[in-house]
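Data block below; observations after.
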């Protein structure tokens with residue numbers, strides 16, 4: 001276990017930022033946290049989590065894929081990627097840290113998404129244990145330990161110190177590069193913090209939901225449930241849940257005429273949107289019911305049946321606090337789960 | 001009030017006046033309330049809710065609901081009736097398919113406002129007179145109601161219902177809201193300061209479209225931003241300037257029709273004060289064309305759709321704009 005006195009936090013950030021670009025949660029004008037680049041004078045947010053998840057670093061909302069230039073009948077295809085720089089993300093919570101392994105199962109399987117892969121390779125994650133979970137948190141439901149987050153290095157912030165533990169080679173290399181700044185320390189304060197947080201985690205209202213119903217064997221039964229109509233009734237068809245979600249990974253690819261050629265880009269898409277799945281013949285998902293059902297079937301049934309039972313949700317609670325009509329995955333699990 | 005509303009709804013269902021009721025449904029905590037349609041007395045007993053946390057404006061749902069068979073009972077708060085009335089004026093709601101009961105509103109408590117005061121882990125919340133009592137994972141807390149209220153309710157423009165078939169509770173009045181104070185502040189900034197303010201706010205936009213989809217004035221069958229044939233359809237912006245444009249274009253499109261219900265700012269996941277854009281338009285319309293409140297009545301002609309010789313000339317831009 002390594003330790004950094006809290007008074008040296010800025011020195012620690014500066015030391016990392018001197019080597020690589022460092023991002024961390026910072027309070028914004030809206031009174032909420034978002035990841036921003038660390039610069040002198042920027043301070044770490046005290047908020048439990050950021051509104052936008054950390055998936056942005058590996059799967060940004062918009063991204064240029066390639067360019068086309070035509071001259072006569074010849075088309076030139078230009079790979080517009082620049083070599084990604086090394087970067088460090090500090091303060092990733094356990095839920096978001098787990099979301100990366102879920103995204104990996106989508107983007108790093110054959111055919112590998114090289115845009116995503118490059119960013120993953122260049123990124124180092126310093127995660128931070130939670131001490132004050134919200135009522136909307138339910139990561140324990142998915143076997144996530146908020147007191148022991150995954151990442152290249154994991155951290156625990158107490159009143160007077162930041163404790164760090166390198167986990168991967170990348171994390172160890174970063175710790176070594178920081179040299180004297182970090183000192184060896186006794187893990188007792190960390191253990192004490194973990195115990196205290198666990199008492200709160202025990203009290204979380206949704207951490208023990210019954211998930212028995214949600215598996216591939218029940219696919220058609222769940223798909224055909226008459227309850228989707230009521231659940232989706234008030235849905236506005238906005239993309240808030242999908243855009244704040246750390247595991248939503250659908251995107252659209254479009255071409256933009258720059259006047260000098262074509263810029264092909266991709267951007268986040270939302271299955272809640274009315275033109276998602278629209279094809280030449282029309283749209284198979286005609287109403288919000290089908291769109292709404294898709295989002296939850298994907299996370300609770302399709303994804304786990306293709307990925308050894310792992311759900312496409314990490315229980316971060318963002319959709320619980322951000323849905324304009326307060327409809328969310330917990331209400332879906334509770335409503336459909338009682339049909340055993 | 002909730003008990004009386006449920007009894008009245010049951011009676012109207014029983015005597016066949018209506019076949020459905022639109023209202024608010026209880027969630028997992030006291031604050032996560034969902035708009036819902038109820039069809040039976042049992043459903044009403046099981047989940048119908050009305051209290052100081054029922055914030056959603058139900059008017060927009062009535063565009064679709066009023067096109068269905070039979071009449072629907074809608075409980076509308078004062079500000080919701082302005083949206084409803086405006087939608088009637090635009091022929092978007094089938095009036096004879098809706099039975100409106102106006103219900104009073106004392107201002108809504110907003111969970112995000114409470115959380116912004118440092119009260120987190122909120123498992124339950126209830127209003128006890130002027131105090132909001134909160135139970136959290138970390139113990140009990142209390143906060144004064146006016147500190148827990150949504151910003152839009154602190155600047156409430158009216159407690160009067162402008163359209164209804166029946167009223168429950170006491171009718172209120174149009175209020176002196178001070179709702180243009182912040183707009184004035186922005187007007188008094190230099191253009192550079194104002195530009196910086198809006199870039200700061202709007203650059204947080206994630207283009208989730210929640211503001212547009214919740215807005216009772218945004219009722220196009222197909223939004224120009226979703227229509228490939230429009231040439232400006234986009235799911236994501238090239239840069240933050242485009243995010244600005246989305247909101248500014250939307251504000252222009254609802255100008256003269258926005259009733260200032262404040263739903264746009266309520267639903268924004270990024271806490272962007274979108275209502276200020278609309279209020280600027282409302283204030284300008286008031287100043288340039290005479291006082292006008294969208295949705296206030298069915299007859300007054302909308303100033304932006306009506307030509308008079310006293311209308312402002314384009315030169316007004318030079319007179320009012322620029323450095324002050």
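Each residue, glycine too, has its Cβ placed from N, Cα and C.
In TrEMBL, annotation is done automatically, which means it is predicted and not curated.
According to TrEMBL, the feature domain '4Fe-4S ferredoxin-type' maps to B:249-279. Mean pLDDT for the domain '4Fe-4S ferredoxin-type' (B:249-279) in the predicted structure: 96.
Under the heading region 'Disordered', TrEMBL lists B:295-324.
Broken down by DSSP into helix, strand and coil, the domain '4Fe-4S ferredoxin-type' (B:249-279) contains 16 helix, 0 strand, 15 coil.
Across the region 'Disordered' (B:295-324), DSSP assigns 8 helix, 0 strand, 22 coil.
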